Amino acid sequence: SQCCRLATNACILDLQVSSRTARSEEDRDTLWDAWGSWSECSRTCGGGASYSLRRCLSSKTCEGQNIKYRTCSNVDCPPDAGDFRSQQCSAHADVPYQGQFHEWLPVYNDPDNPCSLKCRAKASGHMVELAPKVLDGTRCYTESLDMCISGVCQVGQSALDHFCFWSGVPCLCPAVAGIGSSNPVRG
């Protein structure tokens with residue numbers, strides 16, 4: 001998806017849209033049903049993701065995306081909550097892998113695919129990809145605010161910066177545009 005990193009007060013400067021472009025976007029949007037309600041957040045704390053869907057009303061292909069995301073539950077988790085990636089690996093402990101049950105430990109900071117769920121069997125050390133993508137809101141890297149959304153590492157920055165993304169469509173600032181924008185992404 002296409003992403004825009006915006007400083008808190010620089011949004012309007014970075015997103016000037018000509019009236020011609022605005023009209024074509026308006027025409028394009030008439031082929032779509034209204035955006036649906038936001039889904040439940042993928043996490044209860046630590047930063048997660050929520051999505052909204054819309055349906056194409058045309059018998060032809062609609063231009064644009066049918067899904068948009070925003071962050072949610074941007075409050076710190078309690079210290080005893082545990083690591084989100086670790087929780088996802090542990091959830092596979094009661095599922096046999098090659099005929100045996102394993103205690104799974106998370107594999108962090110995979111440079112090739114940070115948003116897949118790779119875990120290591122505690123006893124054998126055998127590393128396995130248990131899922132092609134982690135749950136939305138999982139950190140891409142341990143020392144980063146970057147977050148996996150729909151299997152793709154989305155770049156975050158800090159609680160003071162806004163980061164808008166809208167699945168392949170140029171993003172718009174929440175303060176300016178409303179529809180088609182996301183809430184600010186916080187770590």
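Every residue gets a Cβ built from N, Cα and C, even glycine.
The disulfide bond feature in TrEMBL is assigned to Cys41-Cys72 (among others).
The disulfide bond annotation in TrEMBL covers Cys45-Cys77 (among others). The Cβ of Cys45 (disulfide bond) has 15 other Cβ atoms within 10 Å, all protein chains considered.
The feature disulfide bond is assigned by TrEMBL to Cys56-Cys62 (among others).
Under 8 Å, Cβ to Cβ, and six or more positions away along its own chain, Cys41 (disulfide bond) finds Gly48, Ala49, Ser50, Cys72, Ser73, Gly137. Counting every protein chain shown, the Cβ of Cys56 (disulfide bond) has 14 other Cβ atoms within 10 Å. It is 35 Å from the Cα atom of Cys45 (disulfide bond) to that of Cys62 (disulfide bond). In this structure, the CA atom of Cys62 (disulfide bond) is 40 Å away from the CA atom of Cys77 (disulfide bond).
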